[in-house]
């Protein structure tokens, strides 16, 4: 079938969060503040890693790149959401919808890979401390970061292209605040079981393999931590890993519910809330989680945010 004949829908309507005008203004203000704080917090982490010599280590190099990813990840949803809240039509163009779909899933995949790489870094630092500087060289870190971005962005163009070629004859209303897989497939006029199978298989494999690797790394890591004779050493090891585990639990817990478990019994509102947690709240909480139990990062962020000079002796 010819694309021009089948694609009657030229735009989609994102319902977002329904409510009266006062509620819409409250949500707009809330998400605007969250977005601004997310940009400031993750931007501060990037600046701290770049400017503070104490943070010139593989762990903080990966954390700085992860913060950079979080800025882009939250930017794939909130700006359009803010425009949508104030819009009367709440419309998004056909191409804009699929562009958001692509960036949202590509950045989410890159986030899974980054979390796995950061788990690998912590495993090497605690289980092989003597060989850690030799293994985690700047070149290897750069290669791992590049692979995260490349795999994330090269994995979805073909599946999403085929989804965009499906006939969308109407209706065009999406009960969500972003263009996601399930709502789009529900609007298609023709079933595409093979395309759906490939997309969900690819997403599930990324989630399961990265999560299994993270769990394996931390199982071996915890075994090594309990063998540390001093309590102070154990406490330090837990403090460096606890923040990463918190982010992993928050992100994977909600993503697995959305994209691995059946969502038929989950209400549209609950799906929106779950999506908010892993796509907006995780990037927002990232600076807090990584700085609360990390003395060096806390001091470096204080220097960046309050304009203090970084001294080698502090």
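Heads up, residue numbers simply count up from 1 along the chain you see.
Just so it is clear, glycine is given a Cβ too, placed from its N, Cα and C backbone atoms.
Marked as transmembrane segment by TrEMBL: 25-48 (among others).
Marked as domain 'G-protein coupled receptors family 1 profile' by TrEMBL: 41-290.
Per TrEMBL, transmembrane segment is recorded for 60-78 (among others). Cβ atoms under 8 Å from those of the transmembrane segment (60-78) belong to residues 31, 34-35, 38-39, 42-43, 45-46, 48-50, 100, 103-104, 107-108, 110-111, 114-115, 117-118, 121, 138, 141, 144-145, 148, 177-178, 279-280, 282-284, 286-287, 290, 296-297 of the same chain, restricted to positions at least 6 beyond its ends.
Long-range Cβ contacts of the transmembrane segment (98-120) within its own chain (Cβ-Cβ under 8 Å, at least 6 residues beyond either end) map to 59, 62-63, 65-66, 69-70, 72-73, 76-77, 80, 92, 144-145, 147-149, 151-153, 155-157, 160, 163-164, 178-181, 184, 203, 206-207, 210-211, 213-214, 217-218, 244, 247-248, 251-252, 255, 278-279. The transmembrane segment annotation in TrEMBL covers 98-120 (among others).
Under the heading transmembrane segment, TrEMBL lists 140-162 (among others).
Here TrEMBL flags 197-216 (among others) as transmembrane segment.
Annotated transmembrane segment per TrEMBL: 237-261 (among others), in sequence order.
Look at TrEMBL and you will find 273-292 (among others) tagged as transmembrane segment. Tertiary proximity for the transmembrane segment (273-292) is limited to same-chain residues at least six positions away from its ends with a CB under 8 Å from its CB atoms, namely 31, 34, 37-38, 41-42, 44-45, 63, 66-67, 70-71, 73-74, 76-78, 104, 108, 176-178, 180, 243, 246-247, 250-251, 254-255, 257-258, 266, 298, 301.
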